[in-house]
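Heads up, the thing below is written out as structure tokens.
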Amino acid sequence: MRMRRKPWARPELEACDFFVANPKENKGNWKNTFKNTENPIYLELGCGKGTFMAVHGSDHPNINYIAIDIKDEVLVLAKRNIEKAYEEKNKALDNVKLMPQEIALIDTILDSNDKIERIYINFCNPWPKDRHKKRRLTHTRQLTKYRDFLVDGGEIHFKTDDDELFEESLEYFKECNFEITYITRDLHNSGYEYNVVTEHEEMFSKQGIKIKFLIAKKL
């Protein structure tokens, strides 16, 4: 479903202290945009309405987070959900940066100096048609870009409801010299301890769809 345009979204975002309107300006220097410059940096690609980031960020003040999506209409909802989570936990909101960015061009805002330690990819578009598969966030074309700014031993955490995307992504990771260190094809019955349920995850689970999850380590 296409989201209705919200003309008030960008002004609200630009008034937000943790929104970064022009992320390219910080390429290679992201650590210095955070209050605690010594924290490791984790990246969420396609943060959606921010459910995942709101929980992760507020639970882990010792980690800095970059959350990316493309539409202001989505980002403004993420902004509100993140603010709400921090307020409810009485936490200082100083370890999250929210920004608009086309993920296919992620290499225009991050480089090897940024030393990202973990990437989260949750329920991305599966792009099932062969001619579109290069658009997948787990495709080798993208993984090659991630390798540039992901530290050696850094991880990609990937969740999806889509069987074909999951199985083909296993091959993508192998081709790009990642080691699969954890894998389950039924996350909710796997015993995996710290799983933050996203809005898409909840919807798919209610439909009886098993959630696939893996952790891939950069070699």
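A Cβ is built for glycine as well, from the same backbone N, Cα and C atoms used for every other residue.
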*Which of D17, D69, D148, D152 does Swiss-Prot put in the same S-adenosyl-L-methionine site as E44, E102, N125?*
D69
_If you count CB neighbours within 10 Å, which one among the binding-site residues E44, D69, E102, D161 has the smallest count?_
E102
*Out of the binding-site residues E44, D69, E102, give me the one sitting nearest to K129 (substrate binding site) by CA distance.*
E102
*Other residues with Cβ within 8 Å of the Cβ centroid of E44, D69, E102, N125 at the S-adenosyl-L-methionine site?*
L45, G46, C47, G48, I68, I70, Q101, I103, C124, L137
*C-alpha of D161 (substrate binding site) to C-alpha of N125 (S-adenosyl-L-methionine binding site): distance in Å?*
10
*Relative to the Cβ position of N125 (S-adenosyl-L-methionine binding site), how many further Cβ atoms are located within 10 Å?*
12
